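According to TrEMBL, the feature Zn(2+) binding site maps to H351, H355, E374. Per TrEMBL, domain 'ERAP1-like C-terminal' is recorded for 584-886. What TrEMBL lists as signal peptide is 1-19. Per TrEMBL, transmembrane segment is recorded for 929-948.
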Amino acid sequence: MGLKMMVPLVLFLVGFVSADPLEFRSNFEYLDYNTNVAEPKYRLLDTVQPLDVFVDLDVYLSESRFNGLVQLVVDVRQSLTQIVLHQNVVSIQGVNVIDGTSRPVPLNTSTPFEIDSYFEILKINFDRVVLPGRYTITVSYLGRINENPVDRGFYKGYYYYGTQKREYATTQFQPFHARKAFPCFDEPQFKSRFFISITRDRNLSPSFSNMDIRETQIVSANRVREAFLPTPVVSAYLVAFHVSDFVATNLTGTLSKPFQIISRQGPTNQHAYAADIGLRITDKLDEYFDIGYYDMGQGQPMKNDHIALPDFPSGAMENWGMVNYREAYLLYDPAHTNLINKIFIATIMAHELAHKWYGNLVTCFWWSNLWLNESFASFFEYFGAHYADPSLELDDQFVVDYVHSALNWDAGAGATPMNWTGVVTNPSVSSHFSTTSYAKGASVLKTLEHFVGFNTFRNALRIYLRNNAYGVGYPEDMYAAFRTAVSQDSTFARDFPNIDIGRVFDSWVQNPGSPVVNVNVNMSSGVITLTQQRFQLSGTPNPTLWQIPISWTHSAEMNFENTRPRFVMTTQSADLRKDPGHHWVMLNIAQSGLYRVNYDDHNWEMIASHLRRNRTSIHKLNRAQIVNDVLYFVRAGVINVNRAFDVLSFLKDETDYYVWAGALSQLDWVRSRLEHLPVAHQEFSAYLMELMESVIRHLGYEERTTDTTSTILNRMQILNYACNMGHEGCIADSLAKWRAFRQNENNLVPVNARRYVYCTGLRHGNSSDYDFLFRKYNESENTADMVVMLRTLACTRDRVSLEHYLQQSMYNDKIRIHDRTNAFQYALQGNRENFQIVLNFLYNYFNTIRTTYGGAARLDICINALPGFMREFQHISQFQTWVYRNQIALGSSFSASVNVVSSSISNLEWGNNAAVQLLTAVRNVRSSAASMTVSVVMLMVALAVNFFK
């Protein structure tokens with residue numbers, strides 16, 4: 001044992017108090033004195049601060065248990081009679097406290113410590129008032145290695161090396177799971193140095209933690225103890241350790257900049273891409289932030305390890321010095337990893353590396369302002385990777401991925417603000433790890449970067465980091481950094497007098513939802529009247545005011561290059577002015593701001609005409625915004641439907657990835673709401689086929705060496721959708737590729753075509769096709785390719801095969817626990833006619849699903865997926881009957897099940913209400929309208945029949 005780790009043994013034994021923890025709250029006799037526990041008791045007050053934390057774990061991997069000893073050196077800042085820590089271990093064996101002179105501090109003789117399992121806290125009760133000063137708390141305890149990775153904390157996973165099953169143990173502590181491994185101050189505001197020691201079996205590889213191994217001791221013939229260097233000052237949720245027989249490669253690192261990729265034994269030949277792109281991203285972020293990653297160790301050498309885990313409940317985790325990933329997000333095999341997954345590797349590595357500055361170096365003070373960590377990591381997820389490899393086009397992908405995702409999320413009435421004061425309990429903490437904190441926050445940052453400019457934005461971020469390094473950050477700290485940065489930019493005061501950048505920023509942080517700017521253009525006078533309001537798909541939004549940086553152009557002087565706003569809209573309405581004349585107006589250049597734009601009907605009419613004549617003169621990201629906004633306005637009922645499809649008519653000539661990415665999901669949303677109305681659904685599907693014909697011809701079925709990233713992505717999204725809709729050319733080409741693969745397994749399907757080729761092969765095949773792909777799934781050594789196969793196995797139309805697939809989702813240990821809910825959803829997506837089979841599986845096995853998928857929350861994920869596929873009233877009625885018959889057995893999943901019924905009915909009602917207008921609008925724009933014989937009257941009759949079923 002290291003001397004820094006342990007108090008002298010005799011003193012420890014003398015001062016130790018052994019007692020059975022008492023399962024009740026603090027004794028009322030202490031109410032007159034202070035404690036460091038807050039109300040409610042999920043949180044701790046800052047009156048006790050950890051300084052150094054020594055964690056010594058004796059790990060028995062095969063037995064899924066460990067013995068723990070934690071020693072916390074704390075600074076008590078006010079007199080108190082009780083110190084409270086977080087804990088969620090198996091049992092506390094004893095507690096000891098000494099003061100700064102190593103003298104024992106007496107504990108209460110009757111109740112020296114108590115456990116509150118509900119709030120997950122340990123209360124240490126003193127015999128008398130403890131004065132301010134430095135103290136050392138030592139806790140001996142027993143812990144479990146969780147066998148369900150979804151439970152997080154210190155958990156166990158497994159992998160196969162050949163036919164041999166091997167186990168490992170690793171950690172996932174964010175947001176409040178460090179307490180499962182050791183008692184601690186388990187909130188982000190409490191930062192300290194951590195000294196980690198791990199004792200393990202000698203037959204395993206050296207353990208990993210945040211820092212390098214300082215010392216290795218042979219404890220016995222079969223046991224080894226490894227003590228690690230102290231971490232920088234860090235929050236408990238960022239502590240990490242890993243016990244396994246994994247192997248590391250150092251393909252790109254140097255002595256001064258070590259960079260390791262670590263994985264199970266076997267796929268080390270899949271380390272190279274992550275090793276290359278990860279180090280390049282690190283270098284780019286070093287340069288951007290002007291703080292070197294390898295200089296952050298506070299006197300200790302920093303390492304940069306990245307571990308691929310077969311089982312991981314999150315996508316990745318930014319532990320300082322030891323980042324954890326799902327295998328699919330780190331390991332790359334060019335023969336089996338498609339471009340989408342390659343991009344995932346680059347962007348997720350960039351996200352986790354950005355956290356080293358935003359989250360680790362400076363940490364949000366509490367999860368209510370998680371955006372101070374996650375928004376910046378999400379921003380650099382795209383732009384950090386973009387700086388390292390511009391060919392991935394991540395600067396443009398950010399708009400159709402994150403800006404559109406944020407606007408979609410914010411269109412719901414229940415959207416929460418970035419600063420959500422309702423984050424108090426553990427469940428509310430978990431729920432704030434959402435689109436609001438990630439995609440929306442990142443989109444707000446991009447809005448601000450366009451507003452203040454690249455250099456000033458970067459300067460603000462650097463100021464925030466320098467001013468708060470190794471501490472915690474508050475929103476006001478961020479606003480102050482931006483105020484300082486813009487004060488150093490003379491152009492800002494010139495262009496935006498009387499604008500407080502902090503107030504602009506705060507309006508986006510505090511307000512739930514996102515705005516729509518309504519635009520009315522007076523062509524005669526040139527006056528452009530703007531009004532803002534919160535955009536919601538349904539319901540009446542509360543009055544909300546943002547300070548919106550507005551960029552705009554018009555057809556007389558088109559300029560889509562300058563995205564810097566011309567003014568800031570700080571009131572509910574405002575006027576712009578252009579020269580009089582018949583010129584359309586367009587706001588939000590290159591969708592540089594987080595807001596939708598709805599124009600008056602005539603301006604929309606002019607935009608529609610221009611798009612048909614000369615669409616490429618309008619920026620591709622504005623075209624992407626237009627189609628996305630228009631379809632959301634159709635859903636919300638705030639645009640004339642005929643005009644909306646007039647605007648969308650240019651899509652029949654559109655070939656750009658970004659525009660189609662903005663349109664496809666929403667066009668499919670509309671199409672799916674018409675599925676219970678065969679006439680409307682058939683005609684809308686034909687309309688979509690006509691729209692897509694040009695882009696399909698443009699892309700072709702074969703990938704070319706000259707294809708850009710966006711071209712390849714476009715082919716993937718368009719052909720996947722076209723094959724699903726039954727496009728004859730897509731199906732014929734896919735079947736040819738599939739059959740060639742079946743006949744000769746060396747004729748691999750092109751990696752970027754596998755999703756739609758495999759799915760088409762199984763959809764138009766039989767049980768032998770399913771069996772073939774299932775065998776390939778079980779043989780694969782590339783996790784990303786396995787996920788593609790898992791998705792496409794569900795495309796089978798063979799009942800026995802699909803039932804086998806669903807059973808395998810519960811019992812096949814090659815299907816990882818984090819993929820089991822995905823398998824259920826893939827079964828829903830695979831074929832419309834398989835829906836009843838999936839429902840029957842849920843009805844018959846929901847209890848087993850709850851157990852084998854990882855708990856009640858995982859069952860909820862499956863149930864919550866149903867409304868998007870429950871498109872027949874008879875299914876809704878059947879499901880509702882089942883729900884109420886099984887109300888008690890469903891337990892906490894009952895409320896989710898009830899919501900499925902209401903959501904599914906709402907989907908049918910939307911289709912019923914919109915069908916006539918949609919069909920009329922589609923017929924107006926289809927070139928073959930004259931040949932259509934089914935009348936709108938017949939559709940209305942069909943609607944009435946469906947309604948009264």
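Numbering starts at 1 and runs along the chain as it is shown here.
Placement of Cβ uses the backbone N, Cα and C atoms for every residue, glycine included.
Note: TrEMBL annotation is automatic and uncurated.
A map of TrEMBL features onto the structure.
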{"residue": "H351", "record": "Zn(2+) binding site", "contacts (Cβ under 8 Å, 6+ apart)": "A316, E318, A377, S378, F380, E381, G384"}
{"residue": "H355", "record": "Zn(2+) binding site", "contacts (Cβ under 8 Å, 6+ apart)": "E318, N373, A377"}
{"residue": "E374", "record": "Zn(2+) binding site", "contacts (Cβ under 8 Å, 6+ apart)": "G359, F433, S437, Y438, G441"}
Near the Zn(2+) site, what residues other than H351, H355, E374 in the same chain have a C-beta no further than 8 Å from the centroid of the listed C-beta atoms? E318, E352, A354, Y358, G359, N373, F376, A377, S378, F380, E381, Y438
Averaged over the whole of the domain 'ERAP1-like C-terminal' (584-886), what is the pLDDT? 97
